[in-house]
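Report on one structure; see the data block that follows.
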Amino acid sequence: MTRARARLWLRWSWRDLRRRWVLVTALALVIALGTGAFAGLGGTTAWRIASQDASYASLRMHDLKVRLPDGGFAPQGALLKALGSLPSSGDVQAADERLVVPTQVDASHGPASVLVPGELVGQSVTARVDTVHVGAGRSLAPTDDGLPTAVLESKFAGVHHLPASGPLVLSGGQRLTYVGTGYSPEYFRITGHSGQVLGDSGYAVLYLPLRSAQQVSGHPGQVNDLVLRLRPGADRDRLRRELAAVVAPIGGTVTTRDDDIVYRGLYADARNDQTTWNTFALLILLGAAFACFNLVTRMIEAQRRELGVGMALGVTPATLAIRPLLVGVQIAVAGVAAGVGVGWLMGLAMRREFEGLLPLPVWLTPFQTTRFLQAAALGFIIPVVATVLPLRRALRLQPVEAIRTSVYASSGSRGAGRLVRRVRLPGRSWWSMPLRNVVRAPRRTLLTALGIAAAVTCLVAVLGLLDTFTAVKDRSSAEVERTSAQRLTVSLDRFYPSSSEVVRGVAQAPGAGDVSGSVRLPATVTSRGQTVEVVVEVLDLGNRVWSPSLAEGSRATAADGIILSRKAAHDLRVGVGDTVDVRHPVLSPTGLTLATTPFRVSGLHPHPLRAYAYIDSRWAASMGLAGTVNTLAVVPAKDTSQSALVRTLFARPGVSAVEPAAGFAQMVESRLDEFTGILRVIEVAPLLLALLIAFNAASLSADERARDNATMFAFGLPPRVVSGMGMAENAVIGALGALVGLGGGWLALTYLVAGFDTVMPEVEIDPTVSTATWLLTFGLTVVVVSLAPLLSTRRLRRMDIPATLRVVE
């Protein structure tokens, strides 16, 4: 091809673009949204994984961890001595003993009252495992050992706008000073003592020198935790078995880095996010593909007479294909160029969001060249393929068929059009025209509806995620607040007789109403080769303060065994009446030991958190817990608020933590608030996509039916009636697209929620879409799509009727 001919083709294609510049621009923006979302959102997963790898390495996270049961302690040095006696002790590169105990933290400042449960982490100031990254203030120094000095977890400090240093008050009225804010690898994401996620604002972690933690907690010379790193090439599993055999007599358990709920969750979350972002981006790209195919098809059909004349004059099909192909390529180039910019901006925005939601000591965010090239390839291929398919169909026509005008080529006398012609709607004759127009060109209607359906699918999936987690919160609230929404859970610092002064002090505290005692213990439930970690609460199932409800099973036989959550039963593959093995601590005069007891599953409770399990107090004696409590359920008196009672119990001796029983529901609500902003931004894209597709369809229909509209104007119909007919036609197409999109949205939501089982296996999450969401999505889609023709009203009013009616054959 000569340069002059190439210039001619380019000028000709540019003329085609200028004639439909609004539609072409809208289509390029749709492609840019899809490619930008695919590149910008998908690239965050590589950033997260690389940053997490570097962050865990920089803070030297443990390979193995020994944890004694709640209330169990060992003399300082005993765990290190046990480690040194193992045959594989030479594989250990570094090891540190720690003391980790729950507490209550008062971080109130000014008028703000901040009183939350927390955790003291006592470790050597020269620790070589699970070190602390300090982001503000200073680190702990050897001179701080033995002093009431700490480093406060930085996410908690940030949420409550605390300074880099300041005073704190712990349960029992003990005071200390934090000199900096930071975090260790176990607390990249905050979890509670039982393993449930409580959120950054609801749990305070304090890092202290080991001797300081022992003094503050009342456990001088004691530890309950050992973390160690192994040499490269060491046999981790062999050392784990040896270590487990040594600590089992004192109730100790050995876990690996992979067992850490935060470590496992962060990597699973990153991989699941990749699936989520890919789903949303591909849905937007799918909508763009349908819109592009629709636009290019109509552009080619508008040029069909020109193509027919060219074929009649002997021009080869390959030459005739150049002009429309150039249009498709130019749309692709414009969409890809804009998509790279959109993806880059979206990546920057996501980086800021992640740095705020997940502070890491190291963030690696290189430009994801491969991801952007993949997005560019998709953005280029879609409009080109959308051009080739209808072009091939047009070029296979006989010249005489191609030259016929659309008025005669599409008589609408076949199939659905013939059936609709027999339908007579009441009122004016033009009232039935929108429905006839919809079925007269079923292929165009289908393409437009499918493009809208792709956008609606994305919208339903986004709104469904909000509904799904709202349902989790509601199920949790309904279960724990059955008897009282103000109920508090009071954790004691050790086991106490139920008649002790500590227990009586809580029960007789000013503002305390009904009180019930129980024992909470970590346990492992095993059945059919499956294992689930739980927190067993031993309580009187007939007490008047609170007891679990039953989703399955009988209240009459509930006390005969263990009550599990439905999620735990599903993961263990058991039901009511089956037997499970429960490995649990047993309290003896010499301390805590571990024992395995078979229990019949007597019921299933509806709380979504898998970790909750319950046993009636009649089993307490067999566990050495008769007449013993370490947890109290307290309901405020009628004239006492929950916050006032929390502050009253905070200063009671023996109390390590006071928190609302509905803490899990409050955590889910706070997480929803954090991510709602991100999801709201994603909601805008499908709505904009639906509007652009509808606008393209309405504009193209107006062009094709210009003579029809001019005829109606000539017979006296006002522009508002013609616009109303276009709106009615779009409303029908919007309703069809919405119905298909609602079904697709449910399938997409089910697919996304299925991935949460690897990210949050501890929570029962079922896909949920509320009735309000169904109705809102359907109504909003129909309204947005039906209003699109109004954007063309000005052009209708300025139509040159005689020129439009003139036909030259």
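Glycine residues also receive a Cβ, built from the backbone N, Cα and C atoms like all the rest.
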Range annotated as transmembrane segment in TrEMBL, from 17-39, 730-752: 730-752
Selected stretch (most C-beta pairs under 8 A with the transmembrane segment (446-466)) from 277-296, 325-350, 370-391, 730-752, 772-791: 730-752
Contacting positions for the transmembrane segment (277-296) when only residues 6+ beyond its ends and CB under 8 Å are counted: 20, 23-24, 27, 30-31, 33-35, 37-38, 41-42, 44-45, 324, 327-328, 331, 335, 378-379, 382-383, 385-387, 389-391, 444, 447-448, 450-452, 454-455, 457-458, 461-462, 682, 685-686, 689-690, 692-693, 696-697, 700, 748, 751-752
Model confidence over the domain 'ABC3 transporter permease C-terminal' (687-800), averaged pLDDT: 84
Three-state composition of the domain 'ABC3 transporter permease C-terminal' (279-399), taking helix and strand from DSSP: 102 helix, 0 strand, 19 coil
